[in-house]
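What TrEMBL annotates here:
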- A:Pro2: active site, schiff-base intermediate with DNA (ACT_SITE)
- A:2-112: domain 'Formamidopyrimidine-DNA glycosylase catalytic' (DOMAIN)
- A:Glu3: active site, proton donor (ACT_SITE)
- A:Lys58: active site, proton donor (ACT_SITE)
- A:His90, A:Arg109, A:Arg152: DNA binding site (BINDING)
- A:237-271: domain 'FPG-type' (DOMAIN)
- A:Arg261: active site, proton donor (ACT_SITE)
Amino acid sequence: MPELPEVETTVRGLARYLEGERIARVTLNRADLRRPFPEGLVQSLTGATVTSLGRRAKYGLIHTDREQTMVFHLGMSGRWRIEPETPDKHDHLVLETGSGHMLALNDARRFGSVDMVFTPGLYQWPAFAALGPEPLGEDLTAQHLAAAFKGRAAPVKPLLLDQRIVAGLGNIYVCEALLRAGIRPDKAAGAISRKAIDRLVPEIKAVLSESIEAGGSTIRDYAQPNGELGYFAANWRVYGREAQPCRHCGTPVQRMVQGGRSTFWCAKCQK
DNA sequence: ATAGTCTCCTGCCGGC
DNA sequence: TGCCGGCAGGAGACTA
C-alpha cells in the first residue's frame, strides 16, 4: 500500500488515537516481520505515553516520553487497522491505549518492519542517515537532483526509487511524476536536461501533495474497522493503465519492466 | 562506485 | 471448481 502519501495519511490517522495517550498494552502475535521485532519492544512501549507522531520518507514515527521512538515501515502490504471488530491473522502487533482504543499493525506479506530508536539520535540512526531529502521539503531542489543525476548512465526511473536520492517516492508516484514532467522513464539520468529537471521537481511535489490531500479528505475511511486505505487510483494518469488512453494525449499507455518492476508511461508525452 | 538481478511473503486474478 | 503462473505499493543483499 504505502508510498509517502499513504504513510503520511496513516500517521495523521493514528495521531488522532495515539497522541497524548498512554499505551496500556502491547501484544505481539509473532516474533518478526521482515526482521525480528526489537528486543524489549513490549517493555519499551508498555506504560509509555505517546508524545507525538511523525514521518520520515516512508517510515512512520511514534514518539514516546521515554526518549524512544517506535519506527514502523509498512513494506508492500502493511496497514494499521483501527478498532478492528474481529482479529485478522495478519495483525502482528496490537496496541491498546489507556482510553481503550485498539490499533493493529497488519501486514500480510511481512515486508514491513518495526524498530525502537533512541529519539535524540533518531536522524543518526543508520537507516535514516542514508536517506535523501524529503520530497515535500525545501531540500529537494532541481540543483539536488541535477547533482544526483550527473554522470549517471542508469535510467532515471529506477534512480528516483532510490531512497538515497529522494526519500519517499515509490513506483506509482515516480511513474506519475515522470509523465507529468514529460520525461521518458528509460532515459539515462545523466542525459536529462536541466530544463526537464526543473519541470520534474515541482511535479514530484505536486503529485505527492495532491495525493495526501485526497487521503486527508477521506481519512474517515481510515478509521473504519477494515482499515482499508486505498491509493487514489482514479487520479492516476498512467500507473496501472496499460493500453488505456493517456489522460494527456489519448495515446495508449505503455508498460515496461525496469529493475523487475512495472513502469507505465506515454510514448508521446514523455521524451 | 554503479548497475542490474534476486529474494523475502501472501493474496488475488485470469486462464485453462 | 481447482490448479498454476504471474503480478503486486519496498528495500536490502547479492553479482559483476
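Even glycines carry a Cβ here, placed using N, Cα and C.
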Using a 10 Å cut-off, grab the number of neighbouring Cβ atoms around the Cβ of A:Arg261 (active site, proton donor), all chains included.
14
Roughly how many angstrom lie between the C-alpha atoms of A:Lys58 (active site, proton donor) and A:Glu3 (active site, proton donor)?
6
Positions whose Cβ lies under 8 angstroms from the domain 'FPG-type' (A:237-271), at least six residues beyond its ends:
155, 157-158, 161, 171-172, 175-176, 178-180, 182-186
Minimum Cα separation from A:Arg109 (DNA binding site), reported as the residue among active-site residues A:Pro2, A:Glu3, A:Arg261 that achieves it:
A:Pro2
A:Glu3 (active site, proton donor) falls, by DSSP collapsed to helix, strand or coil, into coil
Report the member of A:Lys58, A:His90, A:Arg109, A:Arg152 (the recorded positions) whose C-beta atom has the most other C-beta atoms within 10 angstroms.
A:Lys58
Using DSSP and collapsing to three states, where does A:Lys58 (active site, proton donor) fall: helix, strand or coil?
coil
The largest Cα to Cα distance in Å among the residues A:His90, A:Arg109, A:Arg152, listed in the record as binding DNA, is 41
With DSSP assignments reduced to helix, strand and coil, which class does A:Arg109 (DNA binding site) get?
coil
Can you check how the pLDDT averages out over the domain 'FPG-type' (A:237-271)?
95
Applying a 10 Å Cβ distance cut-off over all chains shown, what neighbour count does A:Glu3 (active site, proton donor) have?
20
So if I draw a 10 Å sphere around the Cβ of the residue listed as 'active site, schiff-base intermediate with DNA', how many other Cβ atoms end up inside it?
24
Separation of alpha carbons, A:Arg261 (active site, proton donor) and A:His90 (DNA binding site) (Å):
25
